[in-house]
Amino acid sequence: MTSGESKTSLKNAYPAAKKLLPKVEEEGEAEEYCTPGAFELERLFWKGSPQYTHVNEVWPKLYIGDEATALDRYGLQKAGFTHVLNAAHGRWNVDTGPDYYRDMAIEYHGVEADDLPTFDLSIFFYPAAAFIDAALRYEHSKILVHCAMGRSRSATLVLAYLMIHRNMTLVDAIRQVAKNRCVLPNRGFLKQLRELDKQLVQQRRGAQHRGEAGEKAGEKEP
């Protein structure tokens, strides 16, 4: 990855992000939105980018990559990465850890997960999203979220981040990621993302209704 490529992809990512965020905030769409089924969601991934390289920027300063990217310490340092989230942490997966990057200015977070439909990755959604969000608050930060292939576990955690901290629906999050990298979470992870989507949509609708009720109450006051 050259610095020129990074700058170009970064410039292209911002307009895309700006186009998506208002869509989630539109009241009409928020009321009508219904979480699609697994097959419909998979079709969104298939319609996405065929691009599948070692690492791709999917959101400003946020990258999804594979094991080779995570193990290339020189490449990470040269590209300016400051944070690494390993979604395949552990001895039998991508065995890096904080010690692997101890001589580098990299903050590490590990998630010990298996790429199996029966594995409950949802318990890591909020901690992983919090790590990503905290990393992106730094002006010059650059975070790599990876697993073994950069297609399922890492993509799932990035999607959860966009839903939790960027107020995206699952559909908008998939479109944002899939247009920049070829990814496809397994069916079990998709089911968990669907459940998260339903919860977040319900919370946002509840907050919207409470806000509307508060405004009406304020209007009635003399």
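Glycine too: its Cβ is placed from the backbone N, Cα and C atoms.
Database features (Swiss-Prot):
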- 54-202: domain 'Tyrosine-protein phosphatase' (DOMAIN)
- His146, Cys147, Ala148, Met149, Gly150, Arg151, Ser152, Arg153: substrate binding site (BINDING)
- Cys147: active site, phosphocysteine intermediate (ACT_SITE)
- 201-222: region 'Disordered' (REGION)
- 209-222: compositional bias 'Basic and acidic residues' (COMPBIAS)
Top of the binding-site residues Cys147, Ala148, Met149 by count of other CB atoms within 10 A is Cys147
I'd like the number of other C-beta atoms within 10 A of the C-beta of Gly150 (substrate binding site), please. 30
Sequence gap of 6 or more, C-beta under 8 Å: which same-chain residues meet both conditions with respect to Arg151 (substrate binding site)? Tyr52, Cys182, Val183, Leu184, Pro185
Please work out the number of neighbouring Cβ atoms within 10 Å of the Cβ of His146 (substrate binding site), leaving out its own Cβ. 27
Among all protein chains shown, how many Cβ atoms are found within 10 Å of the Cβ of Arg153 (substrate binding site), not counting that one? 30
For Ser152 (substrate binding site), list the number of other Cβ atoms lying within 10 Å of its Cβ atom. 24
What is the pLDDT of the domain 'Tyrosine-protein phosphatase' (54-202) when averaged and given as a whole number? 97
Looking only at the domain 'Tyrosine-protein phosphatase' (54-202), what are its DSSP counts of helix, strand and coil residues? 69 helix, 21 strand, 59 coil
